[in-house]
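All remarks here apply to the structure that follows.
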Amino acid sequence: MLYKGDTLYLDWLEDGIAELVFDAPGSVNKLDTATVASLGQALEVLEKQHDLKGLLLRSNKAAFIVGADITEFLSLFLVPEEQLSQWLHFANSVFNRLEDLPVPTLAAVNGYALGGGCECVLATDYRLATPDLRIGLPETKLGIMPGFGGSVRLPRMLGADSALEIIAAGKDVGAEHALKIGLVDGVVKQEKLIEGAIAVLRQAITGDLDWRAKRQPKLEPLKLSKIEAAMSFTIAKGMVAQTAGKHYPAPMTAVKTIEAAARFGREEALNLENKSFVPLAHTNEARALVGIFLNDQYVKGKAKKLTKDIETPKQAAVLGAGIMGGGIAYQSAWKGVPVIMKDINDKSLNLGMTEAAKLLNKQLERGKIGGLKLAGVISTIHPTLDYAGFDRVDVVVEAVVENPKVKKAVLAETEQKVRPETVLASNTSTIPIGELASALERPENFCGMHFFNPVHRMPLVEIIRGEKSSDETIAKVVAWASKMGKTPIVVNDCPGFFVNRVLFPYFAGFSQLLRDGADFRKVDKVMEKQFGWPMGPAYLLDVVGIDTAHHAQAVMAAGFPQRMQKEYRDAIDALFDASRFGQKNGLGFWRYKEDSKGKPKKEEDAAVDDLLASVSQPKRDFSDDEIIARMMIPMINEVVRCLEEGIIASPAEADMALVYGLGFPPFHGGAFRWLDTQGSAKYLDMAQQYQHLGPLYEVPEGLRDKARHNEPYYPPVEPARPVGSLKTA
């Protein structure tokens, strides 16, 4: 053994070839600060070996290196800019030493090589991969850019266009694509990987392969003419501006850095990368996006822990077909859980099957599946008008009309047709689970399972624990949701649960703005362009359905009369009374017509202004800040109340439910991350300016207490240790 660290070791392999093996404790390798330091120490040993002829890098895990240790990021991002820059210089000196070894080097890459793992293998001369490879640079999705030379080496290896596509979009690619663009030099089966790697190294050692020529382009300026450079970077900047926008600075910074570094060799280019990375790491956007990544890991880890002793359901059923039922049936079947889809009439069943078939055909058109796979999946969805087969069902989700009487009747009837241990769930969006459970003989086997529309796209499923729901019931439904590829978050029961409970105060803020003379078009524009929502409130109401919102608004008002009971007729009432239900019937705040792809396209409709005039004061202008404050304060206050009341268990789960269920702008990180970024005291000062607007604008006492003590909702993060300590970690 030449060297042994905590996460990697160095040893002779055979005949002058050494192997550097990443083998961290635990299930995966991460390129954390300690591993970077250890890699430097291993290279120091290697540089003294006069008999060295070649170096093989490999992993002892199922994945090569999954990336940097994201859990270190928030503390690293708090290090002063100069110290962070120094540490990056140190880390890059390690990868430069790997790249500058006087012998050929090869990385044998299996599984994932992402972020820092990808940047590590870019420093070698050759790369062999297994068919399960996923390699790429996802840093821009975390609000930063590659910092270990990825923005320097990748363009010089692949050319500007392919590299920009990967870096700006934060993409990873599979083995076949990586081979096609030159990111890897060959793809071999796992059992042949080491044998193949040694064979390539031997060819390089004997001179049959020119490893020096392979290495040289990575050390030089990017080979692009002025015209080629202008075309590549102009197109890339245009696409990034269109897709990322002003709220996500990392992709544009990465493109501009690659452009600026194109005319320099490695050292100067790395300096430019460093100068771009450090300011990005100190942005609120980076902290928010890293926070989302960590919260996502926390939420999924919690679901995994909850279901560790639970068998995933083998047979499911959906009550109620149509678009929602068909979407749930598709998602279950697509992920491998057969499903019975029951309805009371053929028309609805046909609609549900058509929806499932349409979604499968889209997968076929995109090349994700073949005809046999499509036929196999669709055959596991069994439409029926009766309860045949329900005696073998493990879990049933009810998705009938949002009417408590109908839901109770359907659930009570179904309970008599299934085994005693079968779990029942309701896809209700607002009706309390306790109310629906009152119709059942076994309420302990019942809970809520709230999907979001469209089911196949929306990642969140709210799992609602009723007062009598058993732990096993919750675990079974969480297991099914996880199997469907969803992110389940368990919440406690109340009207609207978590997501809709906090959404309707937001809509109430919108209604009050319109009542006071705001133009809904400007409100939408501000909330989309300035705050960052994917849809403004008027457009969102049209998509949800004005009739749906009108009904849910009444349910919420009954559940929380002290805050959500209206004392005036609002815009939702006016549109509902005029049968303007939104996209579903082509008339809402906007008029809708289908475009060439059959998708609804919104158009101005002057008639709506006359309609809204009956429930509004004369039009007046509001500042962007005032619109944002009046829209967001009711939502934020209700989110805080949900945490204080135990409806949601943690800030992390609340923020992920908002991001995954409502599209809360990820660059804000969620409501609690947004609060922490602003500071509770600053938020309180803002909110108090609007408390005259009513109970929805009254800040909860717990938030006031946070402001008094200057406390964040997330645990405070300490800056990483000084750079000197990081080097020798």
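A Cβ is built for glycine as well, from the same backbone N, Cα and C atoms used for every other residue.
What Swiss-Prot records for the NAD(+) site is MET324, VAL400, VAL401, GLU402, LYS407, SER429, ASN453, and among ASP296, ASP343, ASP346, ASP493 the residue it adds there is ASP343. For ASN453 (NAD(+) binding site), applying a Cβ distance below 8 Å and a minimum sequence separation of six or more within one chain yields ILE323, MET324, GLY327. Separation of the C-alpha atoms of HIS450 (active site, for 3-hydroxyacyl-CoA dehydrogenase activity) and ASP296 (substrate binding site): 19 Å, rounded to the nearest whole number. Nothing from the binding-site residues ASP296, ASN500, TYR660 places its Cα within 10 Å of the Cα belonging to VAL401 (NAD(+) binding site). Checked against ASN500 (substrate binding site) by C-alpha proximity, the binding-site residues ASP343, VAL400, GLU402, LYS407 yield GLU402 as the nearest. Counting in whole angstrom, VAL400 (NAD(+) binding site) lies 24 from TYR660 (substrate binding site) by their C-alpha atoms.
For VAL400 (NAD(+) binding site), the number of other Cβ atoms no farther than 10 Å from its own Cβ, over all displayed protein chains, is 24. Its Cβ taken as reference, MET324 (NAD(+) binding site) is surrounded by 21 other Cβ atoms within 10 Å in the chains shown.
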